[in-house]
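Asks: So Swiss-Prot says this about it:
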- 1-15: signal peptide (SIGNAL)
- Cys27-Cys36: disulfide bond (DISULFID)
- Gln46, Tyr47, Arg75, His76, Arg79, Thr82, Arg164, Lys314, His376, Asp377: 1D-myo-inositol hexakisphosphate binding site (BINDING)
- Cys65-Cys444: disulfide bond (DISULFID)
- His76: active site, nucleophile (ACT_SITE)
- Asn171: N-linked glycosylation site (CARBOHYD)
- Asn208: N-linked glycosylation site (CARBOHYD)
- Cys216-Cys507: disulfide bond (DISULFID)
- Cys266-Cys295: disulfide bond (DISULFID)
- Asn348: N-linked glycosylation site (CARBOHYD)
- Asn352: N-linked glycosylation site (CARBOHYD)
- Asn367: N-linked glycosylation site (CARBOHYD)
- Asn401: N-linked glycosylation site (CARBOHYD)
- Cys478-Cys486: disulfide bond (DISULFID)
Amino acid sequence: MFLLMVPLFSYLAAASLRVLSPNPASCDSPELGYQCNSETTHTWGQYSPFFSVPSEISPSVPEGCRLTFAQVLSRHGARFPTPGKAAAISAVLTKIKTSATWYAPDFEFIKDYNYVLGVDHLTAFGEQEMVNSGIKFYQRYASLIRDYTDPESLPFIRASGQERVIASAENFTTGFYSALLADKNPPPSSLPLPRQEMVIISESPTANNTMHHGLCRAFEDSTTGDAAQATFIAANFPPITARLNAQGFKGVTLSDTDVLSLMDLCPFDTVAYPPSSSLTTSSSPSGGSKLSPFCSLFTAQDFTVYDYLQSLGKFYGYGPGNSLAATQGVGYVNELLARLTVSPVVDNTTTNSTLDGNEDTFPLSRNRTVFADFSHDNDMMGILTALRIFEGVDAEKMMDNTTIPREYGETGDDPANLKEREGLFKVGWVVPFAARVYFEKMICDGDGSGEMVQSEEEQDKELVRILVNDRVVKLNGCEADELGRCKLDKFVESMEFARRGGDWDKCFA
């Protein structure tokens, strides 16, 4: 089965919501994402919780402009480890507990630590991330919700078919509609709201799904990301491993991969719990989650090493460092172009023509202007690569697989360092847990009135803009203006690689 359509929310009221209102004292807010202990939590690569990335170009809608279209492509929220990673974590903990004859004071907690994390599913932390994401999406794009009693005015939702992705879409929708209801305060006579459905697209190995890779055999068999990481681990992890073996235990000798598993526990053990819970401590006066004790075993420089390792894996496995990565994102880009231009999807790669040719499962109407899609980090990397977002990354200088470039460890999240980001790739800026990419169309005029597009002829005035985790990215190949935007027709032309199907023929050569 390629498709399921499930009901979302036909009626939402505060009494029907689960956990789901943001705590003003929490580390995680709809506006800025996760901000506590940022020197550590923002250096976990793709395992970082979402945080708003400072932007050199203002993410606000420019004065004199009015939005005409908004689409979000979102990663699922924070999850438990995958089965393979969970097994590796459990193995190293067992190794330590069964062999260690002495623990240094900072390591003694391991003796009594019971590994009880789940596998693969969304955590409570991840649920709240997605609720916050839905709230923020409504607050940013409320102007496009012309009439909340009209189904076509509300977001059209699609999710790739894994449980955590579906749950993320549901929690996002809860946040969106709770914000809408709080804003509009509709009279009882207007309730229930129009019934909404979510399109769920199968992730089976033979399913065409633009939000889940799996069909391109040559890409699936590639090992470029693993190879880059293996080289980097061999060059950079031995000093960390030697320190832990010398100072942390007696009677046990950890390998570099054992140490990597212990480092993985820092983010996974932290995001296993809600942002505000019994873990709140006096050391965090503003409230929020205490870092896992496993984080204290490592230095800030250790986490720079860890963060760079994750960036290498994504860049060379699922991004520009893999020659077939962009091709995995071509189908989604062609769907995006169809929505932006209100025209049929033209694609022969990963799109499902049955779904994309049906108005119920892929609506193409000038009245439909708000969309939300939910996917995974690896798939988003391919899509962003196909969108030419990473063309400014200097791979030779910034993505060396043995040495961390100076700029990588010095830029951080400080807005004062924005200029130093040019040519730099950090995966935590791109696809953290609950990552979101906003695609916007807007029309602008000289007098600031921001009149709506009135006719097809006026479409040539529409501009396209892309924001990645609140950071405006300057578009490539389409004569972008100083605000990073391109005219719609120029943007479409710049997607020539996607429009011709990428290198799909090489998938089966």
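Quick reminder: no glycine exception, Cβ is built from N, Cα and C everywhere.
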Asks: Return the member of Cys65, Asn208, Cys266, Asn348, Cys507 nearest to His376 (1D-myo-inositol hexakisphosphate binding site) in space, with distance defined Cα to Cα and candidates limited to these recorded positions.
Replies: Asn208
Asks: Can you see whether DSSP assigns Cys295 (disulfide bond) to helix, strand or coil?
Replies: helix
Asks: Roughly how many Å lie between the Cα atoms of Cys216 (disulfide bond) and Asn208 (N-linked glycosylation site), rounded to a whole value?
Replies: 11
Asks: Tell me which residues of the chain lie with their Cβ under 8 angstroms from that of Cys295 (disulfide bond), as long as they are six or more apart in sequence?
Replies: Thr40, Cys266, Thr270
Asks: Closest of the recorded positions to Cys507 (disulfide bond), Cα to Cα, picking from His76, Asn348, Cys444?
Replies: Asn348
Asks: Give the three-state DSSP assignment (helix, strand or coil) for His376 (1D-myo-inositol hexakisphosphate binding site).
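Replies: In the DSSP reduction, His376 (1D-myo-inositol hexakisphosphate binding site) maps to coil.
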Asks: Give the helix, strand or coil assignment DSSP yields for Gln46 (1D-myo-inositol hexakisphosphate binding site).
Replies: helix
Asks: Where does Cys65 (disulfide bond) sit by DSSP, helix, strand or coil?
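Replies: It is in a strand.
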Asks: I need the least crowded one of these disulfide-bonded residues (Cys216, Cys444), counting other C-beta atoms within 10 angstroms of each C-beta.
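Replies: Fewest other Cβ atoms within 10 Å, among the disulfide-bonded residues Cys216, Cys444, is found for Cys444.
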Asks: Please list residues from the chain of Arg79 (1D-myo-inositol hexakisphosphate binding site) whose Cβ is under 8 angstroms from its Cβ, counting only those at least six apart in sequence.
Replies: Asp120, His121, Leu122, Thr123, Gly126, Arg164, Phe433
Asks: In sequence order, which same-chain residues at least six apart have a C-beta under 8 angstroms from Asn367 (N-linked glycosylation site)?
Replies: Asp150, Glu152, Ser153
Asks: Counting distance between Cα atoms, which of the recorded positions Gln46, Arg75, His76 is nearest Cys444 (disulfide bond)?
Replies: Arg75
Asks: Would you count the other C-beta atoms found within 10 angstroms of the C-beta of Cys36 (disulfide bond) for me?
Replies: 20
Asks: Given the glycosylation sites Asn208, Asn348, Asn352, Asn401, which one's Cβ is surrounded by the fewest other Cβ atoms within 10 Å?
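Replies: Ranked by other Cβ atoms within 10 Å, the glycosylation sites Asn208, Asn348, Asn352, Asn401 bottom out at Asn348.
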Asks: Using all protein chains in view, find how many other C-beta atoms are within 10 Å of the C-beta of Cys507 (disulfide bond).
Replies: 17
